[in-house]
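*Asks:* Right, I'll just put the structure down here and ask away after.
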Amino acid sequence: MSSVRIECVAKEGCRIGESPVWDEKQGALLYVDITGRKVCRWSPVTRQTQAIPVDAPVSSVALRQSGDYVITLGTRFAALKWKEELVTTITQVDKDKANNRFNDGKVDPAGRYFAGTMAEEIRPAVLERHQGSLYTLFPDLSVVKHFDQVDISNGLDWSLDHRTFFYIDSLSYSVDAFDYDLQTGKIGNRRSIYKLEKEESIPDGMCIDTEGKLWVACYDGGRVIRLDPETGKRLQTVKLPVDKTTSCCFGGNDYSEMYVTSASDGMDKEWLSRQPQAGGVFKITGLGVKGVPPYPFAG
């Protein structure tokens, strides 16, 4: 696999870059900076990043069928009008937990927005445990809570036949699978399909390729790993020049490019001097596989 090439494309340096999503209409990559409180859009044509500041930690962004975007902001699901830089709240969760915020989120094949919460971190990956829950925002703007007792609600995606939902609660060091009912959005029969090894560190964001294999960004592991959800085997490791790799998605004209976000929060001066690209967004080419276009929120 010597043809794999890694390039830092957005060098602005996020505090916690997350939730990369390819916007085909714009031909651009969306992502967020959680603690930097901004939603970003990087254009491969101009090689510039536009950023919209928001008033709370923003942890995920998704396309919206009617145009523009939806985001998870603090403990709110919200709508974002890009041109107007206008954010409007759709609904709020975890109202009884002042210290909580949303983390990763993604839209399912039926247009429902799944996102989970966690307690605010004292420092990276250190937090009050079991405070989070997993939610779904339905197209009619109602919200369902699937379960609670979550540490750090993280990566999520669906199998190609839409019958399995994959999910990561980071501090379990496990990639889990659930049976998925696309008609209702219900999940059940949770099981672990992969336990991370020590050097892989903490599982973070995740995406699926057209061969049905999962790609998981390993926070503090400086890599993305490719897993076979059927066998539970790791198939490939791609190491990056930064430790705090946070999430990944496929994009580009034919979804053959992988984009990986990263973080710089929690790194001291000496660490940052060794990894000056920390917090950047990386493009990986030559993987030999393609990804699945993101689904837009149907509400």
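For all residues, glycine too, the Cβ spot is worked out from N, Cα and C.
TrEMBL lists these features:
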DOMAIN    16-264  domain 'SMP-30/Gluconolactonase/LRE-like region'
BINDING   E18, N154, D204  divalent metal cation binding site
BINDING   R101, N103, E121  substrate binding site
ACT_SITE  D204  active site, proton donor/acceptor
*Asks:* May I ask which of the binding-site residues R101, N103, E121 is closest to D204 (divalent metal cation binding site) if we compare their C-alpha atoms?
*Replies:* N103
*Asks:* Which whole number is the mean pLDDT over the domain 'SMP-30/Gluconolactonase/LRE-like region' (16-264)?
*Replies:* 97
*Asks:* Excluding R101, N103, E121, which residues of the same chain place their Cβ within 8 Å of the centroid of the Cβ atoms of the recorded substrate site?
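*Replies:* Sorted by sequence, the hits are I34, P57, S59, N100, F102, T117, M118, A119, E120, L127, I152.
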*Asks:* Rounded to a whole angstrom, what is the largest C-alpha distance between any two of the residues R101, N103, E121 that the record assigns to substrate?
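*Replies:* Binding-site diameter by Cα atoms for substrate: 11 Å.
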*Asks:* I need the neighbours of the divalent metal cation site defined by E18, N154, D204. Which other residues of that chain put their C-beta within 8 angstroms of the C-beta centroid, in sequence order?
*Replies:* S19, N103, D104, I152, G155, I168, S170, G205, A217, Y219, T246, S247
*Asks:* Look at each of the binding-site residues, N103, N154, and point out the one with the fewest other Cβ atoms around it within 10 Å.
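*Replies:* Output over binding-site residues N103, N154: least Cβ neighbours within 10 Å is N103.
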*Asks:* Between N154 (divalent metal cation binding site) and N103 (substrate binding site), what C-alpha distance do you get in Å?
*Replies:* 6
*Asks:* Near E121 (substrate binding site), which residues of its chain come within a Cβ-Cβ distance under 8 Å, counting only those 6 or more away in sequence?
*Replies:* L127
*Asks:* If you skip the near sequence neighbours and keep only those at least six away, which residues in the chain come within under 8 angstroms of E18 (divalent metal cation binding site), Cβ to Cβ?
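*Replies:* Y31, V32, D33, I34, S59, S60, N103, D104, G205, T246, S247, T261, A263 - these are the non-local Cβ neighbours of E18 (divalent metal cation binding site), listed in sequence order.
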*Asks:* For R101 (substrate binding site), what residues in its own chain, 6 or more apart in sequence, show a Cβ-Cβ distance under 8 Å?
*Replies:* A56, P57, S59, G74, T75, T117, M118, E120
